[in-house]
Amino acid sequence: MSFTLTNKNVIFVAGLGGIGLDTSKELLKRDLKNLVILDRIENPAAIAELKAINPKVTVTFYPYDVTVPIAETTKLLKTIFAQLKTVDVLINGAGILDDHQIERTIAVNYTGLVNTTTAILDFWDKRKGGPGGIICNIGSVTGFNAIYQVPVYSGTKAAVVNFTSSLAKLAPITGVTAYTVNPGITRTTLVHKFNSWLDVEPQVAEKLLAHPTQPSLACAENFVKAIELNQNGAIWKLDLGTLEAIQWTKHWDSGI
């Protein structure tokens with residue numbers, strides 16, 4: 001079911017990152033009503049740049065670290081919902097790539113995403129009288145097939161794909177739909193230099209960037225196309241400037 005972003009309210013977690021910033025710019029071209037950016041690092045210059053792209057869209061920034069307790073996330077969302085009244089889309093985009101930082105990688109890439117999602121269900125869940133909503137979770141192609149030298153990062157992205165697929169199946173109960181966008185290797189600061197697990201491959205970043213990559217702008221354009229296609233349960237691959245829906249192979253079924 002296609003979805004128009006015109007006049008919609010969007011919360012973008014990590015909307016100032018590499019792919020995030022370019023995606024925010026693309027979103028603004030769609031004449032949103034509000035773009036609310038939640039990010040750990042304040043970047044007034046980037047916010048000013050975004051505001052200048054489309055003055056018709058209200059761009060708001062709140063500092064947010066996805067590793068905070070869920071009660072703090074709920075408190076922040078209360079502030080946002082009080083201001084906007086409705087929120088149509090949540091984009092969960094926080095991520096780090098550094099397999100030296102095991103606990104933080106899991107906390108940012110997976111636990112933080114789960115907690116932010118859980119918190120917004122307080123406002124969206126139709127069982128609580130909520131209107132429903134749309135969740136777009138940023139995964140990675142490493143969630144399909146790992147970069148084995150960074151197994152912690154790859155494992156968190158596989159978890160994001162699995163969690164989001166479950167959210168999509170719960171949509172008849174909650175009224176909240178969900179899908180993942182999974183970028184391939186994209187030229188951002190995230191991949192210029194990073195650490196492998198236990199230093200199993202000191203040159204992992206250099207070796208990765210020796211293979212075909214995509215610019216973040218091409219990824220951002222397909223990112224927004226995926227949002228507009230709005231397919232509950234979709235597992236989108238955004239690689240080498242293309243957008244493709246992955247057909248996931250079912251090897252087991254719980255039967256419930």
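A Cβ is built for glycine as well, from the same backbone N, Cα and C atoms used for every other residue.
Note that the structure is predicted; figures quoted are calculated from it, not measured.
As recorded in Swiss-Prot:
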ACT_SITE  TYR153  active site, proton acceptor
BINDING   12-41, ASP65, LYS157  NAD(+) binding site
BINDING   SER140  substrate binding site
MOD_RES   SER2  N-acetylserine
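Long-range Cβ contacts of LEU28 (NAD(+) binding site) within its own chain (separation 6+, distance under 8 Å): LEU35, LEU50, ILE53, ASN54, VAL57, VAL59.
Listed in sequence order, ILE96, LEU97, ASP98, ASP99, THR105, ASN109, SER140, THR142, ILE147 are the same-chain residues at least 6 apart in sequence whose CB falls under 8 Å from the CB of the residue listed as 'active site, proton acceptor'. If you measure from the Cα atom of LEU32 (NAD(+) binding site) to that of SER2 (N-acetylserine), you get 16 Å. The two recorded residues SER24 (NAD(+) binding site) and the residue listed as 'N-acetylserine' have their Cα atoms spaced 20 Å from each other.
Taken residue by residue with DSSP, SER2 (N-acetylserine) is part of neither helix nor strand, so it is coil. Cβ packing within 10 Å was compared across the recorded positions SER2, SER140, and the lowest neighbour count falls to SER2. Cα of ARG40 (NAD(+) binding site) to Cα of SER2 (N-acetylserine): a span of 32 Å. Cβ neighbour count for GLY20 (NAD(+) binding site): 25 (other Cβ atoms within 10 Å of its Cβ, all protein chains included). Around LEU16 (NAD(+) binding site), a 10 Å sphere centred on its CB holds 21 further CB atoms from the protein chains shown. Ranking the binding-site residues PHE12, SER24, LEU32, VAL36, ARG40 by how many other Cβ atoms lie within 10 angstroms of each Cβ puts ARG40 at the bottom.
DSSP gives LEU32 (NAD(+) binding site) a coil state; it is part of no helix or strand. When the Cα atoms are compared, VAL36 (NAD(+) binding site) and the residue listed as 'N-acetylserine' turn out to be 22 Å apart.
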